[in-house]
Ligand SMILES: Nc1ncnc2c1ncn2[C@@H]1O[C@H](COP(=O)(O)OP(=O)(O)OP(=O)(O)O)[C@@H](O)[C@H]1O
Ligand SMILES: C=C(C)CCOP(=O)(O)O
């Protein structure tokens, strides 16, 4: 089973509020549809997709002062951020449906929560059942109930880590705007085994991003047992066909 994250920076124009990058999303959907058509061992147990927010969630969250740790009790703010993410989710689903991918939405806000220590609990029984029934569940970064904080943000990267752990993913891929994690000379780092090895070069996202950019991604992936790859859109076909493009984490 593969867990694939489509970065919000990839499928949206991250610097213009609520704007899709239609060409990039079409390219990603083409790659996913082609890989599912081709079959293969890695996809035999299915594919779970998670997408990030890009310009569809981070601007709203930032405007309302909501982050992964700082929450809100304002129901309007919750609906605003969740609404932006479900709008993007509809776009992603429709591009996949146009290519006959049996994609269905799973909204983390409806099922997950964080406890007082910010620990995430994400039920996965519905994802598992949908996979077994031949669907492609599509989750997204979202708002999430948070004990003591009201509602905070859960990033797509956290969801990828939780799903990969709970469902025992064979392969994990993060498709982003960069060809991998870059070193101080902008060369792709082949493998990262520890956070300290790369802490100096890891930064936030270049655009509005309330969930921590590349540094948070690497941290979340290093906690997993399975190896994960971070790569660019040009390598999505290769990843789905079994290659390990970009940076391998783990
Ligand atoms: N060492 C690094 N190597 C590569 N990218 C880096 C590095 N440090 C910081 N970044 C930034 O991290 C960004 C990728 O993180 P970002 O959170 O924007 O990705 P995403 O997952 O595609 O989008 P989203 O969070 O909206 O889903 C890059 O575009 C770059 O600006
Ligand atoms: C609601 C938001 C901002 C979702 C964030 O998800 P991410 O883009 O994966 O960090």
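In case you wondered, yes, glycine gets a Cβ from its N, Cα and C as well.
Record check: TrEMBL places 53, 58 at the substrate site, and the matching candidate among 148, 150, 156, 168 is 156.
With 5, 6, 7, 8, 9, 213, 217 listed by TrEMBL as binding ATP, the candidate from 54, 57, 65, 70 annotated for that site turns out to be 54. Within the set of binding-site residues 6, 7, 9, 7, 9 have a CB atom less than 6 Å from some atom of ligand 1.
Residue 7 (ATP binding site) and residue 53 (substrate binding site) have their C-alpha atoms 7 Å apart, to the nearest angstrom. In this structure, 58, 156 are the binding-site residues from 5, 9, 58, 156, 213 whose C-beta falls under 6 Å of some atom of ligand 2. Considering only the recorded positions 5, 6, 14, 213, 217, the residues lying within 10 A of residue 58 (substrate binding site) on a C-alpha to C-alpha basis are 14.
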